[in-house]
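Peer 1: The structure's right below; bear with me while I get my questions together.
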């Protein structure tokens, strides 16, 4: 009987430790505030777009600056940020279709169904 009780107790302890996500990692966003409204374009090295995810419910846009100046968050609602994202998407589309002679418009959409970050250089 003691063996059965010990087995049940051990099973409950193991089952209690198995979880899908650590509670301490919830709501961990890279950007702690709303971010900058603009940065100098000549200082931009890379633009990363992070859609909302289980670990962060905000849409984040992080830019890496040249010359080791680090990373900064951009305000996703600012006009400057939307223009930077449009240029980055347009540049990426041109790189993926180098022999295309057609032109089109790119519409800004800050919603995404995937949770993987998108990076543009």
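Sequential numbering from 1, following the chain as shown.
Cβ coordinates are placed from backbone N, Cα and C, and glycine is handled just like the others.
Grabbed the feature section from Swiss-Prot, which reads as follows:
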SIGNAL    1-20  signal peptide
DISULFID  29-56  disulfide bond
DISULFID  31-73  disulfide bond
REGION    95-121  region 'Disordered'
COMPBIAS  100-115  compositional bias 'Low complexity'
Peer 1: Using all protein chains in view, find how many other C-beta atoms are within 10 Å of the C-beta of residue 31 (disulfide bond).
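Peer 2: Residue 31 (disulfide bond): 20 neighbouring Cβ atoms within 10 Å.
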Peer 1: Where residue 73 (disulfide bond) and residue 56 (disulfide bond) are concerned, what is their Cα separation in Å, rounded?
Peer 2: 14
Peer 1: Under 8 Å between C-beta atoms and at least six apart in sequence, can you list the same-chain neighbours of residue 29 (disulfide bond), or say none if there are none?
Peer 2: 55, 56, 58, 60
Peer 1: Taking 10 A as the limit, how many CB atoms besides its own sit near the CB of residue 73 (disulfide bond)?
Peer 2: 20
Peer 1: Would you count the other C-beta atoms found within 10 angstroms of the C-beta of residue 56 (disulfide bond) for me?
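Peer 2: Other Cβ atoms within 10 Å of residue 56 (disulfide bond): 18.
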Peer 1: Return one of helix, strand or coil for residue 31 (disulfide bond), based on DSSP.
Peer 2: coil
Peer 1: According to DSSP, which of helix, strand or coil covers residue 73 (disulfide bond)?
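Peer 2: DSSP call for residue 73 (disulfide bond): strand.
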